[in-house]
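Enquirer: Here's a structure for you.
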């Protein structure tokens, strides 16, 4: 029935058109802190759309279920590429211009690599090269 449509849209990543990665228009130093990729049951209204709406050094970043002002983390060696290869992605994203949750491997915790996923770039466990 019609009651299933919002769930289907959420599953396809369409329900949050405002979900733009804060780093795209960022001019403040540092990077948004890494976040756990978990399924959100209820998205909160965005608290900001750009870094300049945030006080002091805070950046406008995606959090688990919202976009809000968070303290930046230092970009430790942005050119370092971690070992391993990104897993092969099958399928096509239904969302136009999906947000990237990382840009470089150094923004990912531990051994995780910044890889292309079905919808945007995310931190993933690499496969052996």
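Including glycine, each Cβ sits where the backbone N, Cα and C put it.
The structure displayed is predicted, hence computed values, not measured ones.
These came from Swiss-Prot, pasted as-is:
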type     : residues : note
SIGNAL   : 1-22     : signal peptide
DOMAIN   : 25-73    : domain 'WAP 1'
DISULFID : 32-61    : disulfide bond
DISULFID : 40-65    : disulfide bond
DISULFID : 48-60    : disulfide bond
DISULFID : 54-69    : disulfide bond
DOMAIN   : 79-127   : domain 'WAP 2'
REGION   : 81-129   : region 'Elastase inhibitory domain'
DISULFID : 86-115   : disulfide bond
DISULFID : 93-119   : disulfide bond
DISULFID : 102-114  : disulfide bond
DISULFID : 108-123  : disulfide bond
Enquirer: Between the disulfide-bonded residues 54, 93, 102, which lies closest to residue 60 (disulfide bond), Cα to Cα?
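Expert: Of all the candidates listed, 54 is nearest in space.
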Enquirer: CA-CA, which of the disulfide-bonded residues 32, 65, 69, 93, 102 lies nearest residue 86 (disulfide bond)?
Expert: 102
Enquirer: Other than its own, how many Cβ atoms are within 10 Å of the Cβ belonging to residue 119 (disulfide bond)?
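Expert: Result for residue 119 (disulfide bond): 21 other Cβ atoms within 10 Å.
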Enquirer: For residue 102 (disulfide bond) and residue 32 (disulfide bond), what Cα-Cα distance in Å is obtained after rounding to a whole number?
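Expert: Per the Cα atoms, residue 102 (disulfide bond) and residue 32 (disulfide bond) stand 9 Å apart.
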Enquirer: Between the disulfide-bonded residues 32, 93, 108, 115, 123, which lies closest to residue 65 (disulfide bond), Cα to Cα?
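Expert: The answer is 32.
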Enquirer: Using C-alpha atoms only, work out the spacing between residue 115 (disulfide bond) and residue 93 (disulfide bond) and round it to an integer in Å.
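Expert: Cα-Cα distance, residue 115 (disulfide bond) to residue 93 (disulfide bond): 15 Å.
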Enquirer: Check each residue in the chain of residue 69 (disulfide bond) that is at least six apart in sequence and keep those whose C-beta is under 8 Å from its C-beta; list them in sequence order.
Expert: 47, 48, 53, 54, 55, 58, 59, 60, 61
Enquirer: Return the average pLDDT for the domain 'WAP 1' (25-73) as a whole number.
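Expert: Averaged over the domain 'WAP 1' (25-73), the predicted model reaches a pLDDT of 82.
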Enquirer: In terms of DSSP three-state secondary structure, what is the assignment for residue 114 (disulfide bond)?
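Expert: SS state of residue 114 (disulfide bond) = strand.
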Enquirer: Of the disulfide-bonded residues 40, 93, 108, 114, 119, which sits closest to residue 32 (disulfide bond) by Cα distance?
Expert: 108
Enquirer: Taking helix as H, G and I and strand as E and B in DSSP, count the residues of the domain 'WAP 1' (25-73) in helix, strand and coil.
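Expert: Summed by class, the stretch gives 4 helix, 10 strand, 35 coil.
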Enquirer: How far is it from residue 93 (disulfide bond) to residue 123 (disulfide bond), counting Cα to Cα, in Å?
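Expert: Each residue's Cα considered, residue 93 (disulfide bond) and residue 123 (disulfide bond) end up 17 Å apart.
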Enquirer: Cβ distance under 8 Å to residue 114 (disulfide bond), same chain, sequence separation 6 or more: which residues?
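Expert: For residue 114 (disulfide bond), the qualifying residues are 102, 103, 104, 105, 107, 108, 121, 122, 123.
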